[in-house]
């Protein structure tokens with residue numbers, strides 16, 4: 001798995017990225033880092049944050065700074081949570097069980113992926129007190145979706161996150177070259193007619209026909225709040241409100257689906273404006289520093305979700321590596337709040353930032 005060597009001091013999220021690049025196999029590294037096509041959006045997700053400048057306020061008594069907030073009515077220790085990513089066993093033997101334990105210890109939310117490499121039951125046993133949401137790729141077989149959602153609900157997951165931006169899989173060149181997909185299987189997408197696991201994408205298990213009117217069916221079979229992941233436009237944000245969902249994750253799938261779409265942070269403003277405060281808006285994509293978290297919240301995100309950095313932490317030291325990543329980012333965010341004069345998350349607002357002409 002990982003080579004032993006002298007203990008490194010990793011002090012920022014990009015240090016964990018460098019460590020993962022050095023220690024993971026090429027195919028695993030490519031799977032995690034890969035973007036669609038030319039990876040324009042993947043790279044712009046990060047660059048777009050750097051085009052935003054901060055406007056700090058001073059003499060505001062920051063002797064006590066509180067990073068706590070709530071999502072869907074549940075308190076989290078900081079607006080820094082874990083996005084759904086698949087196949088954590090590729091980077092650490094205990095996979096998603098380690099991720100769930102780290103999230104529980106940190107007091108934040110972990111969105112478990114449909115493409116988890118551990119069973120949902122094992123993940124819940126590993127972190128029974130953790131705040132968990134479940135991310136669903138909608139399967140063409142409605143009965144399979146219903147069984148999975150009922151299972152998730154019975155296991156104590158608190159929200160259903162439906163991914164919208166994957167009616168077909170994006171063109172990820174590295175994965176195609178490495179022939180990665182044929183070697184991965186899904187433990188949770190088991191057919192009710194067969195007991196076997198389904199090879200990743202072999203049976204094209206993602207619906208290509210999902211549309212807005214289908215949301216009422218999901219609302220009819222679950223009491224869980226429904227969050228839509230992958231919205232990038234005001235038009236779709238307005239439709240989300242119209243269809244009575246409880247939240248939106250502004251996301252471009254880490255630049256892994258349609259290339260050359262807006263960076264998540266650049267799409268956030270119009271989505272927040274469109275929902276008019278009626279539902280919570282979250283963001284994933286490109287967050288690497290505490291300043292990035294502050295900027296996302298200043299533009300109206302309720303919290304951010306981390307994808308790749310969680311896998312880098314997992315590759316470093318499993319549960320403890322994920323804890324370190326979350327701790328570093330939370331500490332950076334605490335510092336960013338203090339240095340801009342924000343004593344609570346509620347004091348973070350649009351006046352703290354301006355877009356640079358650079």
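Quick reminder: no glycine exception, Cβ is built from N, Cα and C everywhere.
As given in TrEMBL:
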DOMAIN    5-358  domain 'FMN hydroxy acid dehydrogenase'
BINDING   84-86, 113, 135, 163, 229, 251, 284-288, 307-308  FMN binding site
BINDING   137, 172, 253, 256  glyoxylate binding site
ACT_SITE  253  active site, proton acceptor
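Taking each Cβ in turn and tallying the other Cβ atoms within 10 Å, the top scorer among the binding-site residues 86, 286 is 286. Counting only residues at least six positions away in the same chain, the Cβ atoms of 34, 35, 36, 256 sit under 8 Å from the Cβ of residue 172 (glyoxylate binding site). For the recorded glyoxylate site, residues 137, 172, 253, 256 set the reference point as the centre of their Cβ atoms, and the other residues of that chain within 8 Å of it by Cβ are 36, 165, 166, 169, 170, 254, 257. Looking at residue 229 (FMN binding site) and residue 253 (glyoxylate binding site), their Cα atoms lie 9 Å from each other. Separation of the C-alpha atoms of residue 86 (FMN binding site) and residue 137 (glyoxylate binding site): 12 Å, rounded to the nearest whole number. Here residue 137 (glyoxylate binding site) is compared against the binding-site residues 284, 286, 288, and the shortest C-alpha distance is to 284.
Taking all protein chains in view, 24 other C-beta atoms sit within 10 angstroms of the C-beta of residue 253 (glyoxylate binding site).
Counted over all residue pairs in 137, 172, 253, 256, the record's binders of glyoxylate, the longest Cα to Cα distance measures 18 angstrom. Set side by side, the binding-site residues 135, 288 differ in how many other CB atoms lie within 10 angstroms of their CB, and the most is found at 135.
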